[in-house]
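Engineer: Feature table excerpt (Swiss-Prot):
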SITE      S46  site 'Part of a proton relay during catalysis'
BINDING   T47, V205  pyruvate binding site
SITE      Y109  site 'Part of a proton relay during catalysis'
ACT_SITE  Y135  active site, proton donor/acceptor
ACT_SITE  K163  active site, schiff-base intermediate with substrate
Amino acid sequence: MNNIFKGLITAIITPFRDNKLDLNALEKILEYQINAEVNAVVIAGSTGEGSSLSFEEYKLLLQTAKDIVNKRIPVISGCSSNNTACAIELAAESTKIGVDGFMISPPSYLKPTQGGIYKHFEAIHEASNLPIMLYSVPSRTGVDFTDETILKLSKLSRILALKDAGIDLERPLRIKSVINKEFNLLCGNDDLSLAFNAQGGVGCVSVASNITPKLCKELQEKWHNNDVKGALGIHQRLLPLYKALFVESNPIPVKYAMYYLGFCTNEIRLPLTEATDTTKKQIEEIITSLSIKV
């Protein structure tokens, strides 16, 4: 099975207008990504406010994204849920629509044991036939995979990658030393992506690449072509943006940035609220300093 989880993957925002999906804005956003030659996109993940969508909105968003992309790059659906049966349903609907893979985090709030986490993913794996990227994001879920659970899950044939949004930079080394099959490790934090790659990572699932996909793609390419100095130069240039995108809960700052660039409204779903004036000013100054052209 081809491993689609590598390189620069953009975690796409979900644009709204008048509390409905703005599908015209979605097309502009996706074409911007495709033109920058990103390796794949994630739809309805954390950055895409997936947990704030109704099931009907989720289906419409995925179907529209799949139609717009039209097989030019892989489309990965966020299928995370606290309820295993619901996660299976999200994966089943995604499969019908024709996505290329899933990104799934452990259930949040419930705080399952490692045994429960394993059985959750095993059930989704057995109910589907598409590749899965595990998503470690303990700051949101309240639980994380142990190395042992990652190793055990990697033995399931279609679990092919881990997106790691934690801060344990030794983990890629530890995981690579015990997993024999091709199992890709991707960073879930833009600011740590080069350090993560240096420890065995093969890419980044990025928030910043919503705003500047060409620079983020160039950074990953330079690194993997052994141009460490060039990659580091881009990374240093983008560091203020990385930091600004998390001064408030993601995706509040990136949603404002995309509005400022003209892609969509600044509308965000409760319980999230729009960026403060201080954050807006910071985002505007950084975008201006980067001379981003869309």
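Including glycine, each Cβ sits where the backbone N, Cα and C put it.
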Engineer: Out of S46, Y109, K163, V205, point to the one nearest Y135 (active site, proton donor/acceptor) in space (Cα versus Cα); all of them are recorded positions in the record.
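Structural biologist: Minimum Cα distance from Y135 (active site, proton donor/acceptor) across S46, Y109, K163, V205 lands on K163.
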Engineer: Measuring Cα to Cα, how many Å separate T47 (pyruvate binding site) from the residue listed as 'active site, schiff-base intermediate with substrate'?
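Structural biologist: Per the Cα atoms, T47 (pyruvate binding site) and the residue listed as 'active site, schiff-base intermediate with substrate' stand 14 Å apart.
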Engineer: Cα-Cα, whole number of Å: S46 (site 'Part of a proton relay during catalysis') versus V205 (pyruvate binding site)?
Structural biologist: 11
Engineer: Ten-angstrom check, please: count other Cβ atoms within 10 Å of the Cβ of the residue listed as 'active site, proton donor/acceptor', all chains counted.
Structural biologist: 27
Engineer: Can you give me the Cα-Cα distance between V205 (pyruvate binding site) and K163 (active site, schiff-base intermediate with substrate) in Å, rounded to a whole number?
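Structural biologist: V205 (pyruvate binding site) to K163 (active site, schiff-base intermediate with substrate), Cα-Cα distance: 7 Å.
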Engineer: So if I measure Cβ to Cβ from the residue listed as 'active site, schiff-base intermediate with substrate' and keep only same-chain residues at least 6 apart in sequence, which ones fall under 8 Å?
Structural biologist: F5, M103, M133, L134, Y135, S136, V137, L186, C187, G188, V205
Engineer: In the structure shown, which of the recorded positions S46, T47, Y109, V205 has the fewest Cβ neighbours within 10 Å?
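Structural biologist: Y109, out of the recorded positions S46, T47, Y109, V205, has the fewest neighbouring Cβ atoms within 10 Å.
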